[in-house]
Amino acid sequence: MSQVSGGKVPSYHAPPFDSPLSGATIHELRCLDTKVQLGFHLVPHIAKTLITELPSSAYVLVTDTNLAKLGAIDKFRKAFEAIPGARLLVYELAPGEESKSRETKAAIEDWMLEHRLTRDTVVLACGGGVIGDLVGFVAATFMRGLKYVQIPTTLLAMVDSSVGGKTAIDHPHGKNLIGAFHQPRYVFIDAAWLLTLPEREFSNGMAEVIKTAAIWDAADFEKLESESASIRAAVMGDEARQQSAAQGHTLATRTSSQSLLLDVIRGSVGVKAHIVTIDEKETGLRNLVNFGHSVGHAIEAVLTPDILHGECVAVGMVLEAEIARLVHGLPQVAIGRLVRCLRLYNLPVTLADARIMALSKVRELTTARVLDIMRVDKKNAGAQKKIVLLSRIGATVEERASTVSDAMIERVLAPAMLVRESVSAPRPPLTIHTPGSKSVSNRALVLAALSGGTCRLRHLLHSDDTQVMMQALAQLRAADFAWEDNGATLVVHGQGGRVLASDEPVYLQNAGTAARFVTAVACLASSASCSGSDESSCHGVVHLTGNARMKQRPIGPLVDALRSNGARIDYVEQSNCLPLNVTASGALQGGRIELAADVSSQYVSAVLLCAPYAQNDVELALVGGKVISQPYIDMTIAMMQSFGVRVERVAEHVYRIPRTTYVAPSTYEVECDASSATYPLAIAAITGTTVTVPSLGRASLQGDAAFARKVLAPMGCQVEQNDVSTTVTGPPVGMLKALGAIDMESMTDAFITAAMLFAVATAPCDEYASSSTSASPSSTRITGIANQRVKECDRLRAVVTELAKLGVRAVEHDDGIEVFSTPISQLLPHASIYCYDDHRIAMAFSVLACVVPGAGTEIQEKRCVEKTWPSWWDVLGGPLNVPIAGARLNDALVSLVARSRQRGPPTPTTLYGRDASIVLIGMRASGKSHVGRSLAKLLHRTFVDADVVFSDMYDIGAFVQDHGWDAFRAEESRILESLLTQCSVGHVIALGGGVIESAASRALLARFREHVGPVVHIVRDFALIESFLATSDRPAYGEPLADVYARRLPLYAESSCMEAVNTGNDAALALSRQLRTPLGTPVPISPAFFLSLTFPRVQDAWSILDHASAGVDVLELRVDLLHADGQPSIDDVREQVALLRQYTSLPILYTVRSVSQGGRLPDEANEAYFALTRLGLRMGCEYVDIELTRPSDGIEELAQAKGQTRIVASFHDTSGTMHWMAPAMRRLYTRACVLGDIAKLVGFARTWQDSLDLESFRTRVAQEAPFPLIAINMQAAGQLSRIVNPLLTPVTHPALPVPAAPGQMSVRDIHHARHLLGLLPKRHFFLFGSPITHSQSPLIHNTAFELLGLPHVYARHETDSVDASVEALVRAGDFGGASVTIPHKLSIMQLLDSVSPHAQVIGAVNTIVPHRDETTGHMALHGENTDWRAIVDLVAKHDGGRTRACTALVIGAGGSARAALYAMHKLGASRILLYNRTFEKAVNLAEQVPVEWRVEPVDSLALAAKAKPNVIVSNVPAQGTSFTPGGADIVLPLDLLSSDGGVAIDMAYRPEITPLLTLAQQHQSWHGVRGIEILLAQAFHQFRLWTGLPPPCLDIETTVYAAYRAAAASM
């Protein structure tokens, strides 16, 4: 940096002066020709200064309505009225970014012209940044430039937009795109305005203050760090808000806090003024004030207006600092200081901040999206992105923004990291410096805080965990913290054991160490309101809490021990976990404390650290079994001695701690983290290279320091270790040795690293082989690590699960895991490792990823390493020379809901192929095999029973007796792995009930459900299972059935992604319909209508459902109405969905509606809401409604878990307070577009205008941001909106007891209304053919039109040829469509513009569909064939799953035979026999059709009968067939239907029962299909093609059958 850096504008250094005009004490700076004056309560001063220095005929004050309400206008009027001759005009604006527009600018200019204002006018911009930018631009352009002054009223405007002369308005394409540089004459910074700000707005401005200090002035930054409480107190504290109106107006009345605040504002303005003076037009140096803005603006572009500018810049500063760390080596300590400083002012420092995570829009923030937005940045040079890079606090790498490649930005921003194989890259010996020890750092912080005096901590770990600890200790006022040596040294001013309760909750994130230690420290707290002798008698409360995972981690033994010693601690939610309320009683009693130490040594350390401040000496006895992690206890004792307290070990597990105080050393060196050191050392081991870690040797306090000697050396590594250094050289790649067995109880945190090495340790170790308890010479069993189940995640299960993704088998045991090594060449590529938000999982798996062949291994949740080694990825990709790159660039930058914190079990993904195998799991006797066999038949798949596969290989009882249950489960897992690999498509696989008892099997199922196909939990009522097993001969469990069921139930949920209820015979049918969602084509976005079911049980609707659902595409199941309190049980809902699936094939819209949204579920019942709604996803419902009013993290999770379910994101304004034209409605729409596949907004109509406003809204968003939208108004006045709504309109039916919402209409009523409004013009439909006099087609279609309220007419047009009359009808403007029958099915094609592939291959068209271009009005005629579809439908309805690969017989070779042959081919028949009375015609037709149809002509039906066909289709007149010779031309053999079940179809229209159907009636396993059924089925297809609506089938059938039979009776 040149001499420019660090300086401020010269006037910054001038002393303040008392204004001769107003008496106010003023600080003045200069920015170019602009005077910047700072002070308190300056309105009178402003008026007098302007009158004196800028005389004018008129002064125009432009402000917003919010400031007007706060009295701003009155203050200025009073000030100007006190000056004779001053003319003040006022213009008020609506607040908010929406005002910063062309329209508002024009309105101001029109107003100014109307008031005859001239060029001498002075404009006063009083407000925030919006006012300043807008009014400045008005001043820049009105009459080619007016004088104006800035009077910023927000901190952000004071230090940012008001200084520098930038003015602008927004454009739909972006912010500030139209503007000018126009310098104000004055900037009046009146800090008194800040008293009117909410705290969030104050913090918003502090982001810019911190920014200027970070890039320019280290001294200012230190001031912001150390004086945050005073700075905030100047305007945020209660005392400040109660000050007199003149407080601070003069230096004599100014408090120290006010002076400090003004000083930091002045410092920030001084920096910007200095930079602007040098570089007014932003050619280089002025870029620096954009630190944090390159990334911050991209974040803001997505999250505005919900997240403020300063909040986005705060996150941007941290991310850009991380980029500087990666590109130019910015020390982590600088980033840690920046993060802590931002947090001091309540600013977000990560996108995972709760305020950001609460927004659904955050899922739009992807790496690709941010990079795309960053492309448009004024700092950029063409395609090169420019970012301001810090070199340290107070300085930048260059005096301008620096060029940074996209790849570097991606590595920092991306939510995942791709780690590529690196064994081929040679490396010289490396020295890697690891961060300070987390364990030592956290203990040192507590010890220094509890000590009296000052202690300097060096090499402290700068990470999330230590930040949490420091924040907690500061919040409890146990210590004050400051930085020295440019942040390399933390200065701790301890309070000697004095701890005060905090009014705010102490948030401990997922920092387990901090949670345990701070719980003990909180027991020393006194109430902050107590003083003197009363302190012991008054009590505050310390509220300790954390994130979702922290609330699952145990703390019960510590709480029990502290309670036994007088502490008053209450659990707030569940027992044994945070949150806790600790009553501030001042001290522990002392004496004997018994503590269970078999779960975590941190409990012991927590008591030890605080014990000296008990009222008496403490004797700590460790009870309850083997003590876990004794080295960490020894570390605590050794560190306590360094701080002046000697702990006496009076027995093996009994310690005596004296009542005393800590005496801090002046300096304490934190040694490097031994657990973190295992990763670079392991990389040396696995890649055959050399790595040295200094500051870690035999003299370390940490147990993990022995990792190199006790793990790596026996595995074949060369290890050199002295007291202060460790060097490891690995063997040749692939030559690591397995250890057989190893106890890692003394270094539990290192077991994951060891497991990675054991995964590829294929060489057995002779020294350990004899003592191995493993079954494999190349496996290693790790013991002594049971406590790792309750760390950041269940690490044992996580390692087993994630290793399986790489093809490595591992098995869980009670006290550890066994890892079976795999050759490096056999590791699976393309794995995606989920890290469970656990830093050690991420770093350890990145070690193993170094040797995985292929394109790379993806490490998800890469930011979790920030807990202990924030720069790990920089080190891995830098000094360690491992090829890495950002991954998942199109995924959200933050995972809003990690799987380890999900509210419920998994759901299906979008990755399944349509033929993906289906895996069934569930309790013994749940019906897996029965349902599976039936399902396999329905879906034409192969059924596999895993238990049968096992029993074919082994005698199960003998196997268990000889090898034990562990070996049985291991072999079961091996067989499962084989089945899932070899039978991944085209199968239904039923598994044994206990398969989920094995962690390895659960990992295999998890991988299968995530990537291959659905795993379905078959649920059956427990009483039925119990009853069945009580009378079965299956072997007993050896424990109560209820206990087995209770243990397995959560494991079934965890292992499956769907669940289905075995309700009886139709369970397979219901499941087949359920599986259409994950395995079929996604349902359409825009069906026309859905019917809302309002019954307490779906069974109650069965009698009317077919009638009530006429014309609807979807059924809505109102789950909240299934119980009187709106909260039905999961079991009840599961059963109701299954029953509905059995009864209807219509798609389901699954809705849980809250009270405030017009339903029955209580609004506060969030847990019930999310559990019930998630069930809809697991039940495979095609559409699921999610309410936008529910907590964002929960609905975001549902949206992410949707699979192929369509999400309807809904909002219902039941109170009528939301206006369609209000910005809030647009924001709801935008949010719904982000979360859902369909947006649903429901308003409340009181007048006709409300519906007109809705239509304006619909039109506007369709033009600006088109998205599938349901937009309707409730009540009768809103029925217009229901009439014109284009998709998924909710409807009722007269047969329903009540409408689901006020104003609902029926399908029939809506169509009538649409016709009257001209939205549904009348169309004419025809039947072309001859003879057609007796055709039922007009009755079919006209009945449908009438039932659904359609205005159309269907008529016969009989003609012998396709003549001019036919052409005239099909070309008419009101032509709606036509049916075509003999003899025109071929000749009609000459009039058509297109013919479907089906109709082409059949060679016949029976349906004409007009396609209209709504823009040009042009109509194209399209030909279809629905005959074959009707045959397929009716065979599928009755075949019971037999037709796949079956034999089919088609009788007759006439015109309709081709459709029948095509239908048989589409059904999958492996052999199609074709018989015709004239054999030659059958031969000719067989030769004409494609050879892949496999059509074989036969000359005898007797021969056909021997082939045992499963499907028979007759295409000859009924009178042409009989059972006896001479009766007709074709004799049907009596054994023609000799196969075991099938479907016989007679295409003949009359009589109703033909000889073939008579034959079917004589065979109970055969189903006969009448010609009238085929006519109806093909007509139903035609109706949907013409209208887009489902026909009212049942009502049509009733009408048509009656007419058909009446006509037959009259013949």
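Each residue, glycine too, has its Cβ placed from N, Cα and C.
For E282 (among others), the entry in Swiss-Prot reads active site, proton acceptor, with the evidence type sequence analysis.
Annotated active site, proton acceptor per Swiss-Prot: H297 (among others), in sequence order. Taken residue by residue with DSSP, H297 (active site, proton acceptor) is part of a helix.
Taking a C-beta cut-off of under 8 Å and a sequence gap of six or more, C864 (active site, for EPSP synthase activity) has these contacts in its own chain: E792, C835, D837, D838, H839, I841, A842. The active site, for EPSP synthase activity annotation in Swiss-Prot covers C864.
Marked as active site, proton acceptor by Swiss-Prot: H1212 (among others). Non-local contacts of H1212 (active site, proton acceptor) by the CB criterion (under 8 A, 6+ apart in sequence, same chain) comprise R1153, Q1157, G1158, V1242, M1274.
DSSP classifies K1240 (active site, schiff-base intermediate with substrate) as strand under the three-state reduction. Among the features that Swiss-Prot reports, active site, schiff-base intermediate with substrate is placed at K1240.
Other C-beta atoms found within 10 angstroms of the C-beta of N204 (NAD(+) binding site) number 26, with every protein chain shown included. As annotated by Swiss-Prot, NAD(+) binding site applies to 64-66, 97-100, 128-130, D133, 153-154, K175, 193-196, N204, with the evidence given as sequence analysis.
Marked as 7-phospho-2-dehydro-3-deoxy-D-arabino-heptonate binding site by Swiss-Prot: R144, D160, K166, N176, 208-211, K272, 286-290, H293, H309, K378. Under the three-state DSSP scheme, I210 (7-phospho-2-dehydro-3-deoxy-D-arabino-heptonate binding site) falls in the helix class.
According to Swiss-Prot, the feature Zn(2+) binding site maps to E208, H293, H309, an assignment based on sequence analysis. For the recorded site, H309 (7-phospho-2-dehydro-3-deoxy-D-arabino-heptonate binding site), the DSSP three-state label reads helix. Neighbour list (H309 (7-phospho-2-dehydro-3-deoxy-D-arabino-heptonate binding site), Cβ cut-off 8 Å, at least 6 residues apart, same chain): G129, L156, N204, A207, G296, E300.
Swiss-Prot lists G922, M923, R924, A925, S926, G927, K928, S929 with the feature ATP binding site. According to DSSP, M923 (ATP binding site) is assigned to coil rather than to any helix or strand. Its Cβ placed at the centre, M923 (ATP binding site) has 23 other Cβ atoms within 10 Å.
Taken from Swiss-Prot, the feature region 'Shikimate dehydrogenase' applies to 1322-1611.
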For this session: For D64 (NAD(+) binding site), just give me the three-state DSSP call.
Result: strand
For this session: Count the other Cβ atoms sitting within 10 Å of the Cβ of V130 (NAD(+) binding site), across every protein chain shown.
Result: 24
Problem set entry | T154 (NAD(+) binding site) versus recorded positions R144, V289, G922, S929, K1240 - nearest by Cα | V289
Seminar exercise, completed: Other than G922, M923, R924, A925, S926, G927, K928, S929, the chain contributes near ATP (Cβ within 8 Å of their centroid) the residues G993, I1018, R1020, I1025, N1062
Exercise. Cα distance, E97 (NAD(+) binding site) to K1240 (active site, schiff-base intermediate with substrate), nearest Å?
Worked result: 26
For this session: Let me know the model's mean pLDDT on the region 'Shikimate dehydrogenase' (1322-1611).
Result: 92
Exercise. If one measures from the C-alpha of R924 (ATP binding site) to the C-alpha of I210 (7-phospho-2-dehydro-3-deoxy-D-arabino-heptonate binding site), what distance in angstrom results, rounded to a whole number?
Worked result: 64
Problem set entry | binding-site residues compared (E97, E208) - the one with the fewest other Cβ atoms within 10 Å | E97
Problem set entry | Cβ neighbour count (within 10 Å, all chains shown) around R286 (7-phospho-2-dehydro-3-deoxy-D-arabino-heptonate binding site) | 22
Seminar exercise, completed: K100 (NAD(+) binding site) -> DSSP, reduced to three states, gives coil
Problem set entry | Packing count at K100 (NAD(+) binding site) (other Cβ atoms within 10 Å of its Cβ) | 22
Problem set entry | Cα separation, A925 (ATP binding site) to V289 (7-phospho-2-dehydro-3-deoxy-D-arabino-heptonate binding site) (Å, whole number) | 70
Problem set entry | Extra residues within 8 Å (Cβ to Cβ centroid of E208, H293, H309), Zn(2+) | L156, D160, A207, K211, G292, G296, G310, C312, V313, G316
Problem set entry | V289 (7-phospho-2-dehydro-3-deoxy-D-arabino-heptonate binding site) in three-state DSSP notation | helix
